[in-house]
Each structure stands twice: as structure tokens, then as C-alpha cells.
Amino acid sequence: FKGGDTCEYLLSSGRFLGEKVWQPHSCMMHKYKNSEAKNCLIDKHVVFIGDSRIRQLFYSFIRLINPQIKEEGNKHGNIPFEDKSASIKVDFLWYPEVNGSMRQRIKSWTEGSVAKPHIIVAGAATWSIKIHNGSNEALTQYKINITSIAPLLEKLAKNSDVYWVLQDPVYEDMLSESRKMITNEKIDAYNEAAVRILNSSSRNSKAKVKVFSVSKLIAQETIMKSADGLHLPESSRDTNAMILMNVYCNKIMKPIDGSCCQPQPPLTLIQKLAFCFFTLSIIGYLIINLIHRNNFRKNKSCTDLEGGEEKKPAISTPNVSTLEMLLHSLCKLGLIMTYFYLCDRANLFMKENKFYTHSSFFIPIVYILVLGVFYTENTKETKVLNREQTDEWKGWMQLVILIYHISGASTFLPVYMHIRVLVAAYLFQTGYGHFSYFWIKGDFGVYRVCQVLFRLNFLVVVLCIVMDRPYQFYYFVPLVTVWFMIIYATLAVWPQIVQKKANGNCLWHFGLLLKLICLLTCIYFLSYSQGAFEKIFSFWPLSKCFELNGNVYEWWFRWKLDRYVVFHGMLFAFIYLALQKHQMISEGKGDPLFSNRVSNVLLFISVVSFLTYSIWASSCKNKTECNELHPSVSVVQILAFILIRNIPGYVRSVYSSFFAWFGKISLELFICQYHIWLAADTKGILVLIPGYPMFNVLVSTFIFVCVAHEISQITNDLAQIVVPKDNSTLLKRLLCIAGFFSGLLLFSAMQDQSRH
């Protein structure tokens, strides 16, 4: 960490990821759309002044505002551009040499009566080299001229953004005879003169002319693709224009994936209160720890001088108190949240854009698959979807999803469609697991509900406070929370039908099926009635939980994408438990699930179905169309996988302890990746060790996994304290939690008001 401004890095350093993706050093560059560019530059006047290279940069810049613009007209003259809808003026002024004419034009902007441009982009040198045949006298005159212009540019820089574009290298082998005198040696001499002279009188001033030197680095990689050896290929010019847009617009538009040139966001009132709370927790824990240490020393065994025997203390060392466990957990959580904040809110660590290649996704997949197979053990029980198997399933799915996110594989549609099935499989397990629990146990008590809700939401609520993000931002947790409540409501509402009751009378099975049909009808109605769905979740305070960017559309889209799979999970659990009850399946160790013939037929159908879905997903051409079909067909591959994994007895009897270990902390891994493995709210990658991509991933992954594991333990410890089994104590805690959230809503409203 050099403590420098990320704008300086954006303007001066970076590298190519692949052939066309430019990665600035230490920060992320946002790709501006036309609408965003217009919103940023509304009522602005931008001027490009210089030679043909500056003219090309001008055209690339205005195409960010209007992509229909083409290079035409007088090349050696002034070119105006205006977007009347946004009141944007962008002018190119033809001044191919740094001379008296250019100085006079720049001087006119410094006079009080003339409106000053908001952005000035200037640069020239190759014409001077060409006209004067690369003479040393021309270089001397260039230095004199730029020395006379520099104070004027520095004066303009006090109120405007002024950029001096250094000269790009040329590809000497391709230059025409009339340009042979333009050599890279001469260009370097002119650039050196410009850098030395510009800002020489304002070294310590904030108002500086920004030297746009990154174009040189881009040209070094791409100038050989030039048509004439002098002018950059179009893709490189577009990259330069996008860099200019990021330098000026990031501080105005504040895009999540544009960390370059963005100041650190100020702490909100809620964040300040959270900081105070965690600080007090750490201090409280240290005080209690010191008191316990002193008591332990006082109660230490002492030698009985008369009898020569060791006296035991009258009172044995007490167990860890609830208060100490609470403060210990909050102390650890406070330190972890500090790391979260430093990684993704403070401008302390570097961030980089993702760049997808097939190898960056598939090689790690093969690697973890080998590790998973290596750690194979026997299961404690051989039931379908037993605990070890579901943990294993969650584990390998979570690892694949993590690799998908860090590699940026969402740009590759076949991979995206398969990852959608993995997310659906998580929700399938939600339906299967919770239905099985309520159906078998018949426990609809408040304690069970509170335990589940706490374990699902604790980390996300803390992150919403510390990272200043809405609840819906961590979309998966709201999704599983709402589905849990839907499952609970479906089964808990009168008449409560559980396995024990249904065993006494088979008609209750039809009653439960009727409930499931009603649930399916409601899901179908809401999925095709966006208005009704949005009305339900737009009521305050529900809207505070489910709104993102001022509306609940994102929540509706996420819910709709996997709308049937939880129902499929519930139905599968019902059918499986019915078959198990009537002893229609064999779950002994090493035994196939059904008779040999039936098992072989089902196994064949499952393999064919699994491969058929993969072929369909891999042949997808349109993401929107495939997303429309996904809710109805994703269950095919999920059921096929379950049958392949459980029909053969020897496969059902083993599991991967490696995957199962990750499965136990899968929720924490999914949430923590947002800020301490990825960066900029999952849009980029956290860089702890710049310059060594593989080593950086290893170190950041190790910390990330350790933190997720620690948070899982903290959540389990706090769940025992916050959600006790005693009903009267639980009621008091619920009132405290209600008070906490009421206060949070109040402070949130105050924050929103102060922002507006």
C-alpha cells in the first residue's frame, strides 16, 4: 500500500488481461453505458485540443455518448459535437503543434469573460517532429512553447479537469516515408520534456494538470495492429476514452465496480454506533478476562506448611459464564468485521476486475474434485440424503459456486446455466430438509423457528450494518428465509398434518397433498402477477428488507427464477418418507435402493436425464429464454443426481469428508465471499498481494475460509445465548430483538433523510 490516489494509478499504470481487457493497477474500471455517460456529463462542456491522435480519442469519447457517430468531415479542422437531450458539448480543436496559436486559444479560457470548459484534453508533438524533420531545434522550441502554456493549464486546472496526453510510441516498420523521422526515441524526448515542465510551478498544489501517460502503455501492446504505424487501433482508443470517463465520472456516479478515483465513503451513523458497540465489547471482554486471571491466581493451590499437603481451593474454577461467552464472541466478531470493512470499504487493499478464461474455471474444478475423492470415508448411516451426504452436496456445490464467482464465469452461458441448477439444488434441500423435520417431529414451536431464523440471518444483519448494504443485497439469505417461513406457514396452519397423525388415517395424506396444491397455485399466481407480488413486499417495513435501488424488482426476479424448486423438494420429501414408511425401498449398507431390475432402469434414466439437461444447458444461446425455462426443468437434473448418488448401495455408503467440511459452513462461505474474497460487492477480486495472482488467491482464500469457519462457530455460540429454550426467557429476548430492529429502522430513516 503506497497511499497514493487511485486516479494516479488509473492514468499511469496497468496491464492487459487477455487481449482487450485493460486492468488498471490497484483498482477497478467501470464500463460506462451511454445512459450513464450522459448522466455524468449533463450540462458539461468538454474540449479536445491537439493533433490527429487527439481527434481519434475525441471520436472514441463521443461514441460513449452516442454510438452512432462516425469519423467523417474535415480531418484537419475543428469538429463540434452536441447532445441537446443532456446539454452536453464536446469540441475538437485542431492544433497539431504546441505553438503560439494553441497558447492563444488556451489563454482565452483563462480570461474571466469566457466560459471555461469543464474538461480539457490536450496533446501534440508528432507534427512538430514531422514538419521539422526531427531536428533538435524543434525539440528546443517545443520546450519553450510548452513552458509558456504550462502556467495557463495549471490556472485552468483550479476549476476544470485538465489532461495532457503523452505521445504514444509508433511502429516504425509500418510508417510511410513521409513519417520515417517520427521515431520512438524522439517521442520519448518530447514526452520527457512535457512531464518535466508541466506542474513544475505547482508541485505542492492540488490543482495540477493530470498527465495521461497510460495511453503509452496501451500503445506498447497494441501499436503493431495499427493501420499506419502512427495511429492506435480502435479498441485501444476506446480503452483510453473509457479511462477518461472513469477518471471524471467515478466520483460523480459512484459505480460499485468502478473503484478507481472513488473516495472512501463516509461512515454512516449506524456504522459509527456499530463501531462503538464492538469497541465496548472488546473492552468488556478484556476487563472480565483480567478479573478471571486475578481470581485464578488468588485461588491457586498453596502448600500446607504443617501437614506438607497441598490444599485445594475451596471453590473450583467456575465454568465460562454466559456474559463472558457473549463478550468473547462479540470481541472476535468485532475484529472480523473490522477486516471486512478494511477489505471492501476502506481504500486500503487493491481491487481488480475479473477476467474469464476456460482454464481459470475448469482447472480449479478438476483440482477440488480430486481432493474431494481423496478424502472419501464411510457414512454413519446409509439413508437417502443422510446428513453427511447433504453436507457433502452443499460443500462441493459451494466450492464450484465460489470458483464460478472469482473466475467471472457468468459471462459464459453454459456455465451460468449449470450454476443456476446448483443454486436451485440449495433451495431444493431447503424444501426437503424443513419439510422432513416438521413432518416427522411435528415441532412447530417458536424456539425452532427462532433458531433457524437466527442462524440464517445473523451474519447478514451484521453485514448490513457494518458494510452499509440493504438486506436484499445478500439475496440468497432473504430467499431461503422467506421459503422457510412459507414451508412453516403451509404445514403449521390448521389443520396441522404430521406423520404421526397421518399414520392413523390415510386421508390425512390427501389433506397434506391438498395443502401442497394450494401452495403451488399461490406460487404460480405470484410468478405471473408481478404487480401483486410487488404490492405484498412494498408495504413498510417489509419494503426496507426487500427493496434494492428503490424497488423490489430484483427480489421478484430472484424469487421467480427458482420458484418451483422448493415445492419440488417438499414433494420429494413427502414421497420418499411415504416409501420409507411402507418399506418400499432398501437402505441397508451396500444394498441397492430398489430391486436390481428397477434400480438399473432408474439409474439408466437418471444418467440420460442428467446428460440431456447438460446438453440443453450447454446449447443455450439466449439467457432470458433459458431463464424462463429453468424453474420448470432444473428439477430434472437435481432428481437425476439424487438417484445416481443414492440408488447404488456402495455409492450411498460413502461420502467425501473434504466436501462435507465445507458444506457445514456453506452459508458463511457464500456470504463472506462478497467482501473478503471478492471485492467491490462481488464485482471484482480482492488483491492482498499485488503482482502474484496465484499466491494472492491462496492467501486470500486461506483467510476467507478461516473467517467463514470462525463466524459459523460464533453464530452457533450466540444462537444458544440469544435463543434460549425457556419460553419466558425467549419472549423477553424477542422483545429486545424487536426493540433493536425498531431502533435500526429509526436510525436508517434518519440516515436516508440526511442523505436526501
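Keep in mind that glycine also has a Cβ here, set from the backbone N, Cα and C atoms.
Automatic prediction, not curation, is the source of TrEMBL annotations.
Mean pLDDT for the domain 'NXPE C-terminal' (22-91) in the predicted structure: 93. Look at TrEMBL and you will find 22-91 tagged as domain 'NXPE C-terminal'.
What TrEMBL lists as domain 'Cas1p 10 TM acyl transferase' is 253-734.
Taken from TrEMBL, the feature transmembrane segment applies to 269-291 (among others). Distant neighbours of the transmembrane segment (269-291): 323-324, 327-328, 330-331, 333-335, 337-338, 465-466, 468, 744, 747-748, 750-751, 754; these residues of the same chain sit at least 6 beyond its ends, with a Cβ under 8 Å from one of its Cβ atoms.
Counting residues 6+ beyond its ends, the transmembrane segment (355-375) has Cβ neighbours under 8 Å at 17-18, 21, 23, 396, 399-400, 403-404, 407-409, 411-412, 415, 656-659 in the same chain. Annotated transmembrane segment per TrEMBL: 355-375 (among others), in sequence order.
TrEMBL lists 395-416 (among others) with the feature transmembrane segment. Note on the transmembrane segment (395-416): residues 354-358, 360-361, 364-365, 368-369, 372, 422-423, 425-426, 617-621, 623, 626, 656, 658-664, 666, 669-670, 673, 677-678, 682, 685, 697 of its chain, located 6 or more positions outside it, place their CB under 8 angstroms from a CB of the stretch.
Per TrEMBL, the feature transmembrane segment maps to 423-440 (among others).
Positions annotated as transmembrane segment by TrEMBL: 446-466 (among others).
Remote same-chain residues near the transmembrane segment (473-495) are listed as 423, 426-427, 430-431, 434-435, 438-439, 444, 449, 452-453, 456-457, 460, 463-464, 511, 515-516, 518-519, 545-546, 548, 554-555, 558-559, 562, 566, 570, 667, 670-671, 674, 681 (criterion: CB distance under 8 Å, separation of at least six residues from the stretch ends). The transmembrane segment annotation in TrEMBL covers 473-495 (among others).
Residues or ranges marked as transmembrane segment by TrEMBL: 507-526 (among others).
Within its own chain, the transmembrane segment (561-579) has Cβ neighbours under 8 Å at 384-385, 420, 423-425, 427-433, 435-436, 439-440, 479, 483, 486-487, 490, 499, 509, 512-513, 516, 519-520, 523, 526-527, 585, 627, 630-632, 634-635, 638-639, 642, counting only residues six or more beyond its boundaries. According to TrEMBL, the transmembrane segment annotation covers 561-579 (among others).
Residues or ranges marked as transmembrane segment by TrEMBL: 599-617 (among others).
Remote same-chain residues near the transmembrane segment (659-680) are listed as 28, 256-257, 259, 339-340, 343-344, 349, 351-352, 372, 375, 388, 390-399, 401-402, 405-406, 455-456, 459-460, 463, 467, 474, 476-477, 686-687, 700-701, 703-705, 707-709, 711-712, 715 (criterion: CB distance under 8 Å, separation of at least six residues from the stretch ends). Taken from TrEMBL, the feature transmembrane segment applies to 659-680 (among others).
Long-range contacts of the transmembrane segment (692-711) within the same chain: residues 332-333, 336, 339, 406, 459, 665, 668-669, 672-673, 676-677, 686, each at least 6 residues beyond the stretch ends and with a Cβ under 8 Å from a Cβ of the stretch. Among the features that TrEMBL reports, transmembrane segment is placed at 692-711 (among others).
According to TrEMBL, the transmembrane segment annotation covers 731-750 (among others). Within the chain, the transmembrane segment (731-750) has long-range Cβ neighbours (under 8 A, six or more residues past its boundaries) at 269-270, 273, 446, 450, 465, 541, 544, 722-724.
Here the transmembrane segment (446-466) has long-range neighbours at 270-271, 274, 333, 337, 340-341, 434, 437, 473-474, 477, 480-481, 484, 488, 667-668, 671-672, 674-675, 711, 715-716, 718-719, 722-723, 725, 727, 730, 734, 744, meaning same-chain residues at least 6 beyond its ends whose C-beta is under 8 angstroms from one of its own.
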